[in-house]
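Below is one structure, written out as structure tokens; comments come after it.
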């Protein structure tokens, strides 16, 4: 299992490199004006050197979070409750994060994110169940702030302070998304070195992340100016979002697809460690392999929707759901009690991550076309509620004391969930198949971005 994980990682990194090299040399740069502007390059660099340490700190916790709770001798059900608390915090944070950052200020919100995540990581040094639960709640809340506050600050400064053209924005976020994939891969390898090679234990990656957050805070305080968003009442934002959901069946179907798909992904995040860890898999390397597979999926999406192949995002969305269903079907057999096949399970997990790399840009495109910009915040808030509830209920109801049979049952239910998502996609496709608004024109490249 050890050698297999390393081979998968090396193969995926090589494939990602080939795809990115091909993409860079097969299309002319649309950002030549931006790249030729030294003021823009400096502004972009100043943003990246503050944003990337925060991203790295967020990723470092991923590989050994479940292992840490297991290391403290908590039962599977107790660990599930800790995760559910994190999901609950994410629901609440998703509802209040945008109004909060607008009222408090984006710069202060970035500092708040770093402080909350640092506190969350320091809580992991305790073996007290309540302290660990509190840390997970803080982590769930802070993660919802990460993308909203940093990217909102940059977008405002880009347009209002520096008066750069709006078409230069995708260039910054495309590069950020590419770097984010590389940072996640590096974070997994670094966590593996700390926890396993150096023998520092599963809490060490979280401790290592704190100095990165301190660096990010120092740079924000020293170099960033404050900016604010338009303040709207929480009731109005959610009310407008609910009305949009109810009046447009396409939006309702899209939200259902997102809730079903992403709740399965959340359950996968919980389950991959107890499936692979008993077979001595290097968890950090496995995590880096997942991130590499997701990066490959994102590159394949942009290749598939390019002028050469011209697949539509709706087709890619359907393909990603089919891939996840097939992977979950594999997992119901590879995790059968007494007949475990860890290599097949790892392969299935990699297919799920590959599908995620296809899914997120396709979903982002469809959301942008279907949901009016002024109502997106409210609609996305409503999307997040069933997403987190489904994931939380799945963990609480199905994960019984015998984790092996419980895990297999969870994968079976997740496969059924993906079938429901597939039915929703077919229904949505039938409804919009002649809608040119939801088709990607041959001349329009789909910009990448963080999700």
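Glycine residues also receive a Cβ, built from the backbone N, Cα and C atoms like all the rest.
Beyond its flanks by at least six residues, the transmembrane segment (1-21) meets 178, 181, 185, 276, 279-282, 285-286, 288-289, 292-293, 295-296, 299-300, 303, 342-343, 346-347, 350 of its own chain at Cβ-Cβ distances under 8 Å. Look at Swiss-Prot and you will find 1-21 (among others) tagged as transmembrane segment, backed by sequence analysis.
Residues annotated as transmembrane segment in Swiss-Prot: 45-65 (among others).
The feature transmembrane segment is assigned by Swiss-Prot to 79-99 (among others), with sequence analysis given as support.
Same-chain neighbours of the transmembrane segment (130-150): 50-51, 54-55, 58, 61, 69, 72, 81-83, 85-90, 92-94, 97-98, 100-101, 106, 109-110, 112-113, 116-117, 119-124, 450-451, counting only residues six or more beyond its ends whose CB sits under 8 Å from a CB of the stretch. Positions annotated as transmembrane segment by Swiss-Prot, on the basis of sequence analysis: 130-150 (among others).
According to Swiss-Prot, the feature transmembrane segment maps to 180-200 (among others), an assignment based on sequence analysis. Among residues of the same chain six or more beyond the transmembrane segment (180-200), those with a C-beta under 8 A of the stretch's C-beta atoms are 13, 16, 52, 55-56, 59-60, 62-64, 67, 208, 282-292, 294-295, 298, 450.
If you look up Swiss-Prot, you'll see 201-221 (among others) marked as transmembrane segment.
Under the heading transmembrane segment, Swiss-Prot lists 251-271 (among others). With a cut-off of 8 Å between Cβ atoms, the residues of this chain six or more beyond the transmembrane segment (251-271) that come close are 66, 80, 83, 87, 244-245, 317, 320-321, 324, 328, 349, 352, 356, 359, 363, 366-367, 370-371, 379, 382-383, 386-388, 390-391, 394-395, 407, 410-411, 414, 417-418, 420-421, 424-425, 427-428, 431.
Per Swiss-Prot, transmembrane segment is recorded for 281-301 (among others). Counting residues 6+ beyond its ends, the transmembrane segment (281-301) has Cβ neighbours under 8 Å at 1-2, 5-6, 8-9, 12-13, 15-16, 19-20, 23, 59, 62-64, 67, 177, 181-182, 184-193, 195-196, 205, 272-273, 316, 320, 342, 346, 349-351, 353-362, 446, 448 in the same chain.
What Swiss-Prot records for 316-336 (among others) is transmembrane segment, and it gives sequence analysis as the kind of evidence.
Per Swiss-Prot, the feature transmembrane segment maps to 346-366 (among others); the stated evidence is sequence analysis.
If you look up Swiss-Prot, you'll see 378-398 (among others) marked as transmembrane segment, on the strength of sequence analysis.
The feature transmembrane segment is assigned by Swiss-Prot to 410-430 (among others), with sequence analysis given as support.
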Q. Where else in the chain does the transmembrane segment (410-430) make close Cβ contacts, counting only residues six or more beyond its ends and a cut-off under 8 Å?
A. 250, 253-254, 256-257, 260-261, 263-264, 267-268, 271, 314, 317-318, 321-322, 324-325, 328-329, 331-332, 335, 390, 394-395, 398-399
Q: Mind checking which residues of the chain, 6+ beyond the ends of the transmembrane segment (201-221), have their Cβ under 8 Å from one of its Cβ atoms?
A: 49-51, 53-54, 56-58, 60-61, 63-64, 67-68, 71, 107, 110-111, 114-115, 117-118, 121-122, 124-125, 187, 190-191, 194-195, 284
